[in-house]
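Features as listed in TrEMBL:
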- 29-88: domain 'Antitoxin Xre-like helix-turn-helix' (DOMAIN)
- 93-142: domain 'Antitoxin Xre/MbcA/ParS-like toxin-binding' (DOMAIN)
């Protein structure tokens, strides 16, 4: 039987250019439409323990495009939206699982409930990300997964 996870009181420090939360949604939407600063790629890579190849795969851009975005200094709106999706999952996992390290570990481990994929890999689409969020909700409430 699953045991409810202990919610983390530890907060994730976010870069100043990211909205502190998704509420109000208008701030997040505006940030996405403008395109996030390319620095977010390094932030995600570091927090999620990803290689450049892995990050490029999850965000659906080539490494060459990723390098170009770093030089340009800004992501395109669709790339920004995918980055925000990863940040949202990372925050939620840290909240449910007890902290940033636990979140990173869980997001990178193969998960039976996701057909053996990692939550991070499964979340490369919006429907996949929503499934990962539901799975975190089940964990939070002690529902067997």
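Each residue, glycine too, has its Cβ placed from N, Cα and C.
DSSP places the residues of the domain 'Antitoxin Xre/MbcA/ParS-like toxin-binding' (93-142) in helix, strand and coil in these numbers: 36 helix, 0 strand, 14 coil. Helix, strand and coil counts from DSSP across the domain 'Antitoxin Xre-like helix-turn-helix' (29-88) read 46 helix, 2 strand, 12 coil.
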